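In TrEMBL this protein carries:
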SIGNAL    1-25  signal peptide
ACT_SITE  THR209  active site, nucleophile
BINDING   ARG237, VAL238, GLY239, ASP240, THR260, GLY261, ASP262, GLY263  substrate binding site
Amino acid sequence: MGFGARRVLRFLLLVLLLPVPGAAGAAALPLVVNTWAFRKATETAWYTLQSGGSELDAVERGCAQCEIDQCDGSVGFGGSPDEHGETTLDAMIMDGDTMEVGAVADLRRIKNAIGVARKVIQHTKHTLLVGESASLFAESMGFPCEDLTTQNSLSIYLKWLYQSCQPNYWKNVIPDASKSCGPYKQAKQLNSEEWINSQKRINIHNHDTIGMIVIGGSGHVAVGTSTNGAVHKIQGRVGDSPIAGAGAYADSTSGGAAATGDGDIMMRFLPSYQAVEYMRTGTDPTTACQKVISRIQKYVPYFFGAVICANTTGSYGAACNKVPGFTQFHFMVYSPLLNQPSEFQDTV
């Protein structure tokens, strides 16, 4: 076989191995998969593995990279101010060998949320720490106390106030939350149509999260998430990201999954846990993702969300709920079959 023919053959083999939207990705380990086009986070996780770091190290450093980069304004400091203008963070990390989970929610004044979540595993017998107490724990672990507000987050907050606090997350209150700011009091009568109609007014830039799956060469699975939550959320709100089984889930006997989107909806269905359980029964990753999205659609047709899945052989896939403005979900992959972190999309 001549040199030219060999080049053509190698090219054809590469094309056959590359995943296509809606199909399971080719199997190879180790593997890094994460939500959205957060390339630098993918690279950081991959090179952590290549330099001898563990799967948990890779997840922690990969998600931390997004916290530093303020990925898409939806991860890390200086984004998604709540209804009082404060940025708070949620994160979790899970070991699929030991089933240990460390998570923090409503974290204040600490920029490295995924790092604090890892310390919950390493230095406590707990799983989830929240609010001011989580921040005090972080400080006791040596994390610096820093202001999470920036000019950008302040600008977002002030613009929202000038728009009569629209949109927001209140319902069945007085004064009318669709027209004015609070303080609110409960209305005497409940209006179920108000919630149904609100689901159709989707802001697709309001719920992004980095969710990451790392599977080592031996099949050890670790997952993690980090986010600053929904923009203009009610203070104290916790979404799906720091909840094991909702934001992410890992089990080294089957695989890992992570979710992104409207956490208030998605957390009610534990999509990451359900996807891993589907893979345990032999369902391929793409189909597992599709099935959990379909399950939510039956109850909330208009929700904004997507799931990534990977099994312990290194196959991977993703699925999203198609809504106006969101028909393609982008995610990143790095494996031995790819020369660099590569962006794929799912249109399911």
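Cβ atoms here come from the backbone N, Cα and C positions, even for glycine.
In TrEMBL, annotation is done automatically, which means it is predicted and not curated.
Given the structure is predicted, the values throughout are model-derived calculations rather than measurements.
For THR260 (substrate binding site), other Cβ atoms within 10 Å of its Cβ number 30. ASP240 (substrate binding site) sits 10 Å from the residue listed as 'active site, nucleophile', counting Cα to Cα. For the pair ARG237 (substrate binding site) and THR209 (active site, nucleophile), the C-alpha distance works out to 15 angstrom. Cβ neighbour count within 10 Å across all protein chains ranks ASP240 highest among the binding-site residues ASP240, ASP262. Of all the Cβ atoms in the protein chains shown, 18 others lie within 10 Å of the Cβ of ARG237 (substrate binding site). Distance from the CA of THR209 (active site, nucleophile) to the CA of ASP262 (substrate binding site) is 10 Å.
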